[in-house]
Amino acid sequence: MLFDEISQKLDFSSWGEEGSSSDNSSDDCAAMTRSPRISSPASACWTPRVQRHRSRSNAMSSPSQCTSPIPYASWSKLRLCDSPSTPKSLLSKSSKPYSSTKISRHQRSLCLASSAASLPRAPSVNVNPFTPDTVRRNSEQQWRKACRSDDDEEYGQRLKHSLTSSEEDDEAFLPPKRRAVQAFMLSRYESEFLELECIGVGEFGAVYKCVKRLDGCLYAIKRSRRPLAGSANEQLALKEVYAHAVLGHHPHVVRYYSAWAEDDHMIIQNEYCDGGSLTDAIVKKEVQGEIFTEPELKDLLLQVSMGLKYIHSLGLAHLDIKPSNIFISQQPSTGAAAEGESEEEDGSSPAGVIYKIGDLGHVTSTNNPQVEEGDSRFLASEVLHEDYSHLPKADIFALGLTVLLAAGASPLPQNGGEWHSIREGQLPKLPRELSSTFIDLLQLLLDPDPTKRPSAKELCKHPVLTEERAGRLATQLRRELNVEKFRTAMLEKELQEARQAALSPEPDLPLQLKPQAEMGSLPKSGRRLVGGRKARSMSFGCPGYGV
Ligand SMILES: Nc1ncnc2c1ncn2[C@@H]1O[C@H](COP(=O)(O)OP(=O)(O)OP(=O)(O)O)[C@@H](O)[C@H]1O
Ligand SMILES: [Mg+2]
């Protein structure tokens, strides 16, 4: 099924070479789909402005009359979620009929372009109530900007045009022309996503940070730069999709959601990593005059090894490990272990980040290798010599160089004497001291003999890497133990008080709350005295008990 979807060649003429550009804006229908905006709660729910202005009916709004590639149900869902109103209020709004009978060609196109539910343009963006506040705050401005620019310029232009072209009104009920037909072919990218910014450009494609209109979550959408058909890029693109699909979910591999072909370009929807790439992090540290600490470097090595262990366990090799293909997710402040982490992955990262392996365009099977060499700066010598018998160890070699770059090594050579000396076991120079055990381990990763390099599985258990994590885990456990001790002490105290209260016939009450007891009579049985049983509330976040 996936393959069918990918191999489909679709002529989405509404989408230009650059995903964000609007080079064919003469196509009103298609252009309409490129103008998403967040509508205000006060505005009518998805009533096209043109229609509101003219009080025209939407005669084409019946689902049966439109042939949008997107099912009616999805559109209506999107429509319903357009404003922050409750679903019920939205339902009632959305079911309001439009009342007049004649529409202009522009209106009709608009209706056709936006499918059965009479959406004027690509749907707006939903706000996911489960999105952490920090993520939402960071993205909200971009959403607004992306939506507003559409609103103010393109949409205004189209509205003006539509309002002045009354001569076309008579064509309202003529068969739709090609322009309108083209509008059926809504770009999936544009109808489902709102593009916020370009976050990276690589050899293969450009990557955009987008918010999915339906779920309101952020995604990284990678689009091949060149048309695919018949090119080597087609194979690379397919490789990437195949690999993602097989790899499933792992905390240290960028998560894949979907892929499709559009206008002969491959589009891959992946998890968005909010910390950018490791290259970005290295550059940022350099600019700030900082360097990765040894515990941070060990953590980087350990986390990427975990991702590689998973990839290798499935009989695959990545073959393009390098800083620009390792992405960073900021760890939630709770420090909780990410979903799916095994016992070796407990304990939070010292830098509070999760490293994820991405860009699977060079992944190959280790049993039946189809090697498309990655970046020569990270290429192991044996792969250059077409010895593919230890491909996972080529990933280990590249990982060693990646960590050395993070440790402050100068940019790596693409070829020449220095390139060879690194492959002969000569470590690049570092601007600072690292512990000898760590240097020895890095040296081992770069061993000219691939069989001597440790496997990813071995690295995940390597004492040099795990002792840091074990230390952090012990600290965390000690802290939790102290909290539990405090909780137990409080409970014991309460128990003691309860015992004393049970032994003494009369609790120590405030004067005004001592009714009969004052007058020499015992409280009636079953009668509850205020303060007799104190309800306690406790807070265990006591800083004094931390380690
Ligand atoms: N999931 C993501 N989250 C955040 N940023 C990303 C993501 N995917 C890609 N990027 C950014 O886009 C850049 C290019 O992405 P990617 O490596 O996938 O493309 P590419 O064209 O295959 O690159 P190359 O072939 O040059 O390695 C990355 O270096 C990173 O800065
Ligand atoms: Mg890349």
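A Cβ is built for glycine as well, from the same backbone N, Cα and C atoms used for every other residue.
Residues 500-533 are the range that TrEMBL records as region 'Disordered', among 364-397, 500-533. TrEMBL lists region 'Disordered' at one of the ranges 92-111, 332-351, namely 332-351. It is 13 Å from the Cα atom of Ile199 (ATP binding site) to that of Asn325 (Mg(2+) binding site). Fewest other C-beta atoms within 10 Å: among the binding-site residues Ile199, Val201, that description fits Val201. Per-residue pLDDT, averaged over the domain 'Protein kinase' (193-465), rounds to 91. Our reading of the ATP binding annotation (Ile199, Gly200, Val201, Gly202, Glu203, Phe204, Gly205, Ala206, Val207, Lys222) yields a largest Cα to Cα distance of 14 angstrom. In the three-state DSSP reading, Val201 (ATP binding site) counts as strand.
All chains included, 21 other C-beta atoms sit within 10 angstroms of the C-beta of Val207 (ATP binding site). Under 6 Å, Cβ to nearest atom of ligand 2: this is the test, and of the binding-site residues Ile199, Val201, Val207 it is passed by none.
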